[in-house]
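As recorded in TrEMBL, the features of this protein are as follows:
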type	residues	note
BINDING	R117, 140-143, 206-208, Q212, 259-262, R443, 454-455	substrate binding site
BINDING	E136, N138, E361	Mg(2+) binding site
BINDING	E136, K298, 357-366, Y368, 391-394, E418, K445, D451	ATP binding site
DOMAIN	196-295	domain 'Glutathione synthase substrate-binding'
Amino acid sequence: KLQLWHNGCLAEVARDEALLQGVLMRTKETPNSSELVTYAPFTLFPSPFPKAAFLQALAVQTHYNTLVDRISQDTEFLLQALASTIEVDDFSARLFKIHQQILNEGGSRSIVLGLNRSDYMLDKRGDQPPSLKQIEINTIAASFGGLSSRTPDVHRRVLKMADRLEESQHILDNNPAAGLAKAIAKAWELYGSERAVVMFFVEEVQRNVFDQRCIERELWKRNIPTFRKRFDDICKTIRLDQDKRLFVGGNEIAVVYFRNGYMPQNYFSEQCWEARLTMERSMAVKCPDIVSHLVGTKKVQQVLAKPGVLERFFPDQPQVVEQIRATFTGLYSLDMGPEGDRTIAMALAEPDRFVLKPQREGGGNNIYGSEIIQVLEKVKDSSERMAYILMDKINPAPVQNYLLRRDAPLAVSSCVSELGVFGAYVRQGKDLLMNECVGHLLRTKSSEHSDGGVAAGVAVLDNPLLV
């Protein structure tokens, strides 16, 4: 039983332990300075998570890596999948235009590096055991592989103090930062120049810098040089030499690791788009390259759920198809025509059963409940509706926990959790040289919040306690 007097003391120790372990963020008051930092928000206790569903998510990750990689090589499929989206969504259209330009120039993909995170929730229906359902796959700037490497020891300490020694021994080791860095290091080695650096391409506002520093640190352990650049810096000094080698600020770039560039507002000037094109045209390894970025769109996710589509990518592997498909929930097209009309009628009749998703990353973009009706009534007769997909709403069973946030009172909350699984792969030409599941991330939020992650200020970091 959770007792508040004891938990007040536990929370104090937990916060200090988080600071000791480096579970850190910059403050919202000074997001670009490390003079003042705070702990990244986290749960006081690890949250229970069914062992079977957890292992299922880990086991399917290398297949998701393969799927992303194979779609990225299927030009015809991607064009068909995104045809309606690029008609009405300017951001997707600009990305696609760069993709087509690279194709027309003969491509620049001899080395491919993918760092993905596939996100799931548990769907609980009636008396059935909860089933694992995918929310999305992130192919660009998948965060918290660093800080989630630091949280297990925090929860071990809390459980020991709470006289739950046996449970403390069941908190899993987890080090996504090392696995993500291993893949970046492999790509750097294949590039073949010891002078060349790994460029972390970062946002203007960098509260989550320590998450990235964990990966930088792993690379420096391997004597691989890294530096951090924002769009501003890149636009001023980016250039290609005659061999299409990429230089920024006089340094040759072996790998561009994108932690920026996934939202329209990241491109604040035409120079930003020109810089993205220059990076894509270069010999540098891009993580992700433009085509893998496009594979992560919601529209591609919806098309993959249609009957027979996964078989295109795994023609002789029915078990793999089954494993991936088992994680799909209902996904529906809003394209013009009878199928899209049926989707709209279904959503308007029972909006609480669904989530309406635009083609956006970064959390906080999805539309729920009565808002679905407002949006669909506005766009249902125009092609604008093709910028969205509809998805079945996943219904997780809530659990009780305390969410520790700076300046927030300690109170028990009804919470739901989301499991992310990190994948890393490296391909050179036709040879897949690395394809691994490299760790996990559990994020938990109050069940009153529909949408949003840790960086968006809604969810907090957590660890699974397998049951």
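For all residues, glycine too, the Cβ spot is worked out from N, Cα and C.
TrEMBL labels come from automatic prediction, so no person has curated them.
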Nearest of the binding-site residues (E361, G364, Y368) to A141 (substrate binding site), judged by Cα-Cα distance: E361
Top Cα neighbour of Q212 (substrate binding site) in the set of binding-site residues E136, E361, Y368: E361
Cβ neighbours of Y368 (ATP binding site) where a neighbour is any other Cβ within 10 Å: 14
C-alpha spacing of Y262 (substrate binding site) relative to E361 (Mg(2+) binding site), in angstrom: 6
Distance [Cα-Cα, Å, rounded] between R207 (substrate binding site) and N138 (Mg(2+) binding site): 20
Cβ neighbours of E361 (Mg(2+) binding site) where a neighbour is any other Cβ within 10 Å: 18
Euclidean distance between Cα atoms of N138 (Mg(2+) binding site) and R117 (substrate binding site), Å: 5
N260 (substrate binding site) and K445 (ATP binding site), Cα-Cα, nearest whole angstrom: 24
Rounded Cα-Cα span from S143 (substrate binding site) to K393 (ATP binding site), Å: 24
G364 (ATP binding site) versus E136 (Mg(2+) binding site) - Cα distance in angstrom: 14
